[in-house]
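K.L.:
Handing you this structure, nothing more for now.
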Amino acid sequence: MYLGIDLGTSGVKITAIDKNGEITASSSREYPVHYSNNGWSDQNPSDWIKGITDSMKELSEKININDIKGIGISGQMHGLVILGEDKEVLYPVILWNDQRTVEESEFLNNEIGMDKLTEYTSNISFTGFTASKLLWLKKNEPEVFSKIRHIMLPKDYIGYILTGKFYTDVSDASGTLFFDVKNRKWSDEMIKILEIKKEYLPEIFESYEIAGELKQEIMDELGITVKIPVAAGGGDNACGAIGAGVVEEDKILVSLGTSGVVFIPQKKWSLPEKSSMHTFCDSSGKYHFMGVILSAASCLKWWIEDIHDGNYAKMLDEAEQSPVGSNNLFFLPYLTGERTPHSDPYARGSFIGLTAAHTRGDMTRAVMEGIVFALYDSYNLADGLNPDTIRIIGGGAKSELSRKILTDVFNIKSEVLAIQEGPSYGAALLALFGTENEKNMDEKLKEIVKITDIIEPDLENHKEYQKRYEVYTRLYKALKNEFFEISRL
């Protein structure tokens, strides 16, 4: 039996699988995110530990804990975890969707220069990336910055707690902006720019490599009597791609989680034509392009739960009654700013085109279509692609209407996965592959990952969406300056 731990933004999920990749048990716990009106977003790692501990205790009632042969860890990317000399956390974890580092990100792009950043890391700076968080700390919390002895990413803090070792993997390290993606190592140039010491950074592994073993203290606490290897694991999207079997160029992954992701596998390192698309290492030993929108399923959650009464079934049924294009109503899903392609922390969510004739169903469908249009923005940044299949994961993938809208907008067939556990499942598979020393991961995934349904695109719907997408792409440009002015009020 193999465990996958996914340290998500809103909660942890632990999935247990057997040697054939079948799920035997799972458990989950939620924990808080601390938001403030100035765009800050952080978490306390003690909440993560409590969530994992409680989830493991629940899981131990469903399985024989001593049957576990390996553990893999997935997690939210980009967050900054810093430890001092005593290995205690020095500061709340600044998360991937935090917007406090606008000035620092602009400094990196404008003063160091996008060309240099791309040369050093294969990427430009975004407010969510880890490097700008370090610069922010150096400027605003110099005493804290001076005490840093270990720099980590969220999932790797969990790895440290479990094994006592400081390590990371190539997929997660890719999102720091101080990692040389092309050569799969830390960037000496960026380390100098950030004025940090290389020994503060963790050891680097491939995602499927064994990075350590469960330490005795944890074994005793859980009642485990056998040594358990821990695979390095990967960033949530890289692990999600493993769990979905998206490791070759004929498929792309779309994740409809809190954020939205378009994940495009690449056999070899290369750079996309547009720099606002990320170039990262993947978890199978290759590379991928990735576009990220900051608010995806979270937009629908806001609309249905915060603005209305939380009746998903009723409101999605109403959206089904609305035609393609939501009766010409548009929604910009920028509730927490935007990353790809605009890199604009000041962007704001907006309904555009409202009339007295519009219904709540039109508005719900417009939210869903706006999310997919934003993802389509990312897909269109990578030229020369010819995938024949989309695989969809995340909470938003549970909606049949969401899957249909995405299929028709992209005009690519989509496949529904038998197992939609996403990153936690991928992390468990990495534990399986690492522990069993699997040599042909790509072929093994073809055996393990099962499809339950195929959705073919409707060409007429695609044509209708294309007309509206052309309008959609002009709306942000028209409102960009107004968004900034609103932020200054």
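A Cβ is built for glycine as well, from the same backbone N, Cα and C atoms used for every other residue.
Relevant sequence annotations retrieved from TrEMBL are reproduced here:
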- Asp236: active site, proton acceptor (ACT_SITE)
- Met77, His78: substrate binding site (BINDING)
- 1-243: domain 'Carbohydrate kinase FGGY N-terminal' (DOMAIN)
- 254-433: domain 'Carbohydrate kinase FGGY C-terminal' (DOMAIN)
- Asp6: site 'Important for activity' (SITE)
K.L.:
Taking only the residues in the domain 'Carbohydrate kinase FGGY N-terminal' (1-243), give me the average pLDDT of this model.
P.N.:
96
K.L.:
For each of the recorded positions (Asp6, Asp236), count the other CB atoms lying within 10 A of its CB, then report the residue with the highest count.
P.N.:
Asp236
K.L.:
Go through the recorded positions Met77, His78, Asp236 and tell me which ones have a CA within 10 A of the CA of Asp6 (site 'Important for activity').
P.N.:
Asp236
K.L.:
List the residues of the same chain that sit at least 6 positions away from Met77 (substrate binding site) in sequence and have their Cβ under 8 Å from its Cβ, in sequence order, or write 'none'.
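P.N.:
Met77 (substrate binding site) has long-range Cβ partners Trp96, Leu153, Pro154, Asp172, Gly175, Gly235, Asp236, Asn237.
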K.L.:
Through the lens of DSSP with three states only, how would you label Asp236 (active site, proton acceptor)?
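P.N.:
It is helical.
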